[in-house]
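J.: Input: one structure, supplied below.
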Amino acid sequence: MTQQYKIETLLAQAGNRTDERTGAVSTPIFLSTAYGHHGIGESTGYDYTRTKNPTRTVLEETIAKLEGGERGFACASGMAAIQLIMQLFAAPDEWIVSSDVYGGTYRLLDFAYKNTHGVKPVYVNTASLDAIEQAITPNTKAIFVETPSNPLMEECDVPAIAKLAKKHNLLLIVDNTFLTPVLFRPLECGADIVIHSGTKYIAGHNDALVGLVVANGQELCDRLFYIQNGAGAVLSPFDSFLTIRGMKTLALRMERHQKNAQELAKFLAEQPQVKDVLYPNKGGMLSFRLQDESWVNPFLKAIKLITFAESLGGTESFITYPATQTHMDIPEAERIARGVCNCLLRFSVGLEDVEDLKADLLQAFAQLK
């Protein structure tokens, strides 16, 4: 019987002794694009790096184990991961999508695939099972959710949605970027596909652009492999190495991200300059609204330790302004109607000492008049 290790052990051991020839503890970086054959039909298992690469294989096998899935796919970015899944569909297929969704996902679904491929996104409040079921039509082929959502931190009931998806023979796709498999494993709840912007928490150091997909079911996995090999948006060997190296500390980092975020959510809720705080009490992401829209720019200029930047999930704390950054491609009236108002700030809480983060926020708040 194969030993079933806990997730912390799988992370710490990622890539260890995967090279039988050398016994290397750290995963070697295989930069070769081609691999020799001993004869016709005598492949080593590696032919061309777009199809398969030894360094990328370690990452793909590791993320599949972490998520409890059958097969993993490492892509050139988080958006490349979503695009890989989108290529399973064609007109007149429809997706039901969380109404609160990352702006880049909206851009890909609404502008690219709807206009050029005829795949229609239907946005609903996925926290409501009734809303999801009412949106299902004969053309619906999949349900796509973020939980918690970006940037409003709304949660949905993945097990219940999975049952609904199976009832209607739909694929359930879950973006697990914010929680990672350390805090949530959607496939165990009935999802068919999990995606990550591995750039964020999994790689974890703001130095690798990564997308990850994990799926269950031989037929589905075979289709994804065929599409990825044909389209070619695969992760490079070096970025695969950086991700493997970064993910070894994922469990420790998520524990600290969450601890800091829980404390800062309470702290922010007590500040008179803050209208409300959006935090599901898990993970390292939260959002908050300032009382006055005119305070946003002065506040972002005033923070010193925290970086005003457009990513998340790294060791450093970032504050993002969705209105002009992550969600700028959503028309303003539509964006505001969805709850992403011009006072909203998204906070990726880092690994710094929480008292230093509080002090930076306090001095920035003090400058708001």
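Just so you know, glycine gets a Cβ as well, placed from its N, Cα and C.
Annotations in TrEMBL come from automatic prediction, not curation.
TrEMBL lists these features:
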type    : residues : note
MOD_RES : Lys200   : N6-(pyridoxal phosphate)lysine
J.: Across all chains shown, how many C-beta atoms besides its own are within 10 angstroms of the C-beta of Lys200 (N6-(pyridoxal phosphate)lysine)?
T.: 21
J.: DSSP three-state call for the residue listed as 'N6-(pyridoxal phosphate)lysine': helix, strand or coil?
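T.: Going by the DSSP assignment, the residue listed as 'N6-(pyridoxal phosphate)lysine' belongs to neither helix nor strand, so it counts as coil.
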